[in-house]
Amino acid sequence: MVFQKPPDGGWGWVIVVVSFFTQFLCYGSPLAVGVLYLEWLDAFREGKGKTAWVGSLANGIGLLASPVCSICVSSFGARPVAIFSGFMVAGGLMMSSFAPNIYFLYISYGIVVGLGCGLLYTATVTITCHYFDKHRGLALGLISTGSSVGLFIYAALQRELIVLYGLDGCLLIVGALSLNILACGSLMRPLESSGSPPPENTCVDKVPDQYFVYCEKEKTVEENINILEKGYVDEKCANNMPDCKQDSILNKNALSSINVNEKDTYKKKVVEQTNFCKQLAKRKWQLYLNYWEETVVLFKNKVFSALFVAILLFDIGGFPPSLLMEDVARSANINEDDYHMPLISIIGIMTTVGKLTLGIMADFKWVNTLYLYVTTLLMTGAALFAIPFAKSYLTLAMLSGILGFLTGNWSIFPYVTTKTVGIEKLTHAYGILMFFAGLGNSLGPPIVGWFYDWTQEYDTAFYFSGFCVLLGGFLLLLAALPCWKACTNQSSKLPPNTYSYKVASSV
């Protein structure tokens, strides 16, 4: 499939708007799960590490399934995937309101909602990259702010809904709001293919229809013959029993001699169809081999290999504050009178600012987006090391704002991936990287929670988190310094893909 040149405008801005609201509606509750986390701790009386699995699965399972999500979007298109995922997110949230224990939440909230969010994220990022080239950084920054705005609003919204309607009523109302994703997904019109006529199907592609038609014809002929034969034999047997067996044999011989040529032709067609099936299976197997060969080629790129390590370590250490910061404040015995705004809301609004700012900076020609991304990693690690020294609401609020702004580097991560591997390999490479990001999201909060259960304080946990993020940043910096330009040029000179996803151009 050959797409038109990205229009960098027009309907692309509609795509940006609906993608913004899609991420707002699907990620609002999972990112603001810290509010629900406190309620689940009180309701189920489980350990912090065990309860943290709910939020970490919701934010990590969709990323873990990114390769599958990428294949779904490439095979069916962004529009049907978005509509289907809207039902998943809404259904998972509503089912969570009936959770009898923490294990039920692992399935309903963690897996169902998380997988739906992963599909929606892949759909919105992919279709936006197709519509934008020159302003891709700005477009990705705008749509990624949807999740941050959702975090800011849903943190306060869920708290108020819990006060008014309880935890169960809150989840039911939030699930009903998520049904608006269906309207957003219906507007994700795929980018039309170029005006060149589609290639004609080969003879091998045309064979199945011919086989099926022929087989139906042969089946009809044989059924008619059997019916006539059976009716003739039954009538003879009813009238003259002694001659029944002899007449039946003579009738079969006569019919067999009449249709011998047709049966020979049918056997020939069956042999041809069997050969076709073997060729089709061989062809599909070759596509799978080519897919894994392409994956190996991606990992030969040093920058790409460092990216997957950095994103894994960043999510292990950088994600827990957004989930656990409210409990950090409660553990520090901060006076509620000084609690002017939820810390998670501060993280959300500053993440919005960070995504917009970093997305705009990525469009400047003099800015190296990879170095910009590395800088955000190193600063995030330093901020995490400072959390154990924050003993007041003001210092925790300042650190929450800094971490929120730096977490906005998610808006430039697709941009960095595109520059590293090229737009042709974006879906494949991004799916792999998001798998490791999901692994980090899933492991980070439970690890921090286990550190607390073990030491009864968060200091050691955040030292560990800061070390992980700094390590990932330094590894990426070492890989980028000598060969950033060389790896970029190498990726553009790689031979064309032998494996290609089938992209749905219309629904």
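Cβ coordinates are placed from backbone N, Cα and C, and glycine is handled just like the others.
Just so you know, TrEMBL annotations are computer predictions that nobody has curated.
Quick caveat, the model's predicted, so the values are computed rather than measured.
Residues or ranges marked as transmembrane segment by TrEMBL: 12-40 (among others).
Long-range contacts of the transmembrane segment (52-73) within the same chain, counting only residues at least 6 positions beyond its ends with a Cβ under 8 Å from a Cβ of the stretch, are 30-31, 33-34, 36-37, 40, 81, 102, 105-106, 109-111, 113-119, 121-123, 126, 315, 319, 323-324, 427-428, 430-435, 437-446, 448-449, 501. The transmembrane segment feature in TrEMBL is assigned to 52-73 (among others).
Taken from TrEMBL, the feature transmembrane segment applies to 80-98 (among others).
Feature annotation from TrEMBL assigns transmembrane segment to 104-125 (among others).
Among the features that TrEMBL reports, transmembrane segment is placed at 137-156 (among others).
What TrEMBL records for 162-183 (among others) is transmembrane segment.
Residues or ranges marked as transmembrane segment by TrEMBL: 303-319 (among others). Within the chain, the transmembrane segment (303-319) has long-range Cβ neighbours (under 8 A, six or more residues past its boundaries) at 56, 59-60, 63, 370, 377, 380-381, 384, 403, 406-407, 413, 416-417, 420-421, 429, 432-433, 436-441, 443-445, 447, 464-469, 471-473, 475-476, 478-480, 483-484, 487-488.
Taken from TrEMBL, the feature transmembrane segment applies to 339-358 (among others). Under 8 Å from some Cβ of the transmembrane segment (339-358) lie the Cβ atoms of residues 31-32, 34-35, 141-142, 144-145, 147-153, 155-156, 159, 321-322, 325-326, 328-329, 372, 376, 393, 396-397, 400-412, all in the same chain and six or more residues away from its ends.
Residues annotated as transmembrane segment in TrEMBL: 370-390 (among others). Same-chain neighbours of the transmembrane segment (370-390): 303, 310, 314, 317-318, 321, 328, 332, 358, 361-362, 396, 398-399, 402-403, 406-409, 412-413, 416, 419-420, 458-459, 462-463, 465-470, 472-474, 476-477, 480, 484, counting only residues six or more beyond its ends whose CB sits under 8 Å from a CB of the stretch.
Per TrEMBL, the feature transmembrane segment maps to 396-417 (among others).
Within the chain carrying the transmembrane segment (429-452), a Cβ under 8 angstroms from the stretch's Cβ atoms is held by residues 47-53, 55-57, 59-71, 118, 121-122, 125-126, 295, 298, 304, 307-309, 311-320, 323-324, 331, 413-414, 417, 420-421, 458, 460-462, 464-465, all 6 or more beyond its ends. The transmembrane segment annotation in TrEMBL covers 429-452 (among others).
The transmembrane segment annotation in TrEMBL covers 464-484 (among others).
Of the recorded ranges 12-40, 137-156, 162-183, 464-484, the transmembrane segment (396-417) has the largest number of C-beta contacts under 8 angstroms with 137-156. Using a cut-off of 8 Å between Cβ atoms, the transmembrane segment (12-40) and the transmembrane segment (464-484) share fewer than three residue pairs, counting only pairs 6 or more apart in sequence. The stretch with the most CB contacts under 8 Å to the transmembrane segment (80-98), chosen from 137-156, 162-183, 464-484, is 162-183.
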